[in-house]
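**Q** Heads up, here are the entries from TrEMBL:
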- 21-40: transmembrane segment (TRANSMEM)
- 46-64: transmembrane segment (TRANSMEM)
- 142-167: transmembrane segment (TRANSMEM)
- 188-207: transmembrane segment (TRANSMEM)
- 213-235: transmembrane segment (TRANSMEM)
- 242-261: transmembrane segment (TRANSMEM)
- 273-294: transmembrane segment (TRANSMEM)
- 306-327: transmembrane segment (TRANSMEM)
- 366-386: transmembrane segment (TRANSMEM)
- 406-427: transmembrane segment (TRANSMEM)
- 434-453: transmembrane segment (TRANSMEM)
- 473-489: transmembrane segment (TRANSMEM)
């Protein structure tokens with residue numbers, strides 16, 4: 001059997017061992033909603049969270065104690081990162097299911113939507129859910145924004161080749177400092193500081209304590225779960241929306257670049273290619289959307305048109321998914337170009353190594369740079385060498401391999417998008433709705449056109465969950481697992497013949 005498809009016994013033992021830490025920390029987090037249940041007198045939820053937590057913690061202890069860990073190759077790390085999100089979602093679904101609030105597939109959907117920071121929900125109406133369940137929903141997004149494997153690395157408090165490969169396998173590449181462990185600690189501190197800032201902003205905006213905590217969880221993680229059917233529009237407050245936009249933008253910026261802000265390295269921050277892309281795209285999209293809303297006077301006043309247009313653009317491009325305007329309004333009342341801008345914003349997404357989804361600002365910047373370099377090469381003599389440099393945190397070595405991988409990722413992303421659209425169109429005969437919904441799912445956004453409901457066919461829910469998963473993992477680890485599986489099957493067929 002080839003090295004590509006071979007997973008050894010030691011590899012399996014190592015993955016189960018690390019899985020134990022995931023089970024352990026998720027189990028501990030599952031116990032925290034019990035405090036909320038006691039505070040808000042929702043004691044009927046205590047049992048479901050207690051049992052779920054005990055199951056998860058027990059599995060964690062067993063896996064850590066009885067399975068040894070060995071050195072982990074990048075292949076095995078990517079294999080592990082691919083499936084650990086599904087396992088975490090299975091465990092995270094237990095409280096929803098055991099509480100009797102949702103069927104198991106809807107519970108799993110809610111959990112994977114939370115951990116991948118997507119924001120589609122199976123609770124309908126959400127107002128009947130209660131504080132305890134909503135706290136767990138928000139917490140899944142806060143954990144997912146930081147990263148499941150990343151959280152495990154912090155818990156392990158160790159370093160080494162395996163930890164480095166796990167760190168890279170979850171889609172993180174920047175090292176703020178040379179040590180992965182110290183980089184992880186810095187990112188955790190940044191995340192906690194931003195959490196406190198977000199909470200204070202929502203308190204100042206006038207939200208109650210629980211609502212402030214919940215919306216801090218879901219905006220910083222760019223997750224977008226809501227606690228009312230009207231999302232953030234429920235409060236009808238420009239101050240709440242302003243607080244949300246600030247936290248959403250902070251959540252969509254590369255952690256390494258936020259570190260530059262903390263270090264007061266403003267020149268490096270604003271000269272970075274990601275920030276340049278954001279500074280161009282966000283105002284441009286806001287101006288276009290607001291201008292057309294003003295032109296057609298959709299909301300009756302100059303200020304209101306800017307208010308609604310700005311919020312939807314920021315929510316879409318940060319891949320948060322909070323809404324002040326809903327799909328029926330966007331498709332019926334908003335000019336067609338604004339619908340297209342929101343769609344493009346969801347596909348582009350936010351910063352790399354942030355909590356956002358989508359193609360990411362860095363790749364968009366590299367693609368436009370590559371186009372510029374290619375056009376420039378046509379104008380120069382054949383032997384001319386074009387220097388390929390971009391400003392990015394601690395330098396980014398731009399070569400043909402990087403540009404090829406960037407182009408391939410964008411192609412794969414759009415290919416998965418088109419295939420998903422075609423599949424869902426077999427069930428829903430509304431192209432604009434399906435285009436919108438799949439872009440939202442792939443980008444881990446959560447803005448919804450309303451076609452996905454608790455009563456949707458299970459197969460369609462699975463398609464969306466796969467899109468959440470692919471979007472969060474950025475496709476490559478899943479492709480590796482598929483390639484390993486195909487290689488194994490081919491070799492078995494050859495062996496049998």
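Please read every residue number as a count from 1 along the shown chain.
Here the Cβ of each residue, glycine as well, is placed from N, Cα and C on the backbone.
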**Q** Can you work out whether the transmembrane segment (188-207) touches the transmembrane segment (242-261), with the criterion being 3+ CB pairs under 8 Å where the paired residues are 6 or more apart along the chain?
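**A** Between the transmembrane segment (242-261) and the transmembrane segment (188-207), which are separate recorded stretches, there is contact, as judged by 3 or more close Cβ pairs.
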**Q** Considering only Cβ pairs within less than 8 angstroms, which of the stretches 21-40, 306-327, 473-489 has the most against the transmembrane segment (213-235)?
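**A** Maximum Cβ contact count belongs to 306-327.
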**Q** Quick one: do the transmembrane segment (473-489) and the transmembrane segment (306-327) reach 3+ CB pairs under 8 Å, ignoring pairs fewer than 6 apart in sequence?
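**A** Contact between the transmembrane segment (473-489) and the transmembrane segment (306-327): absent.
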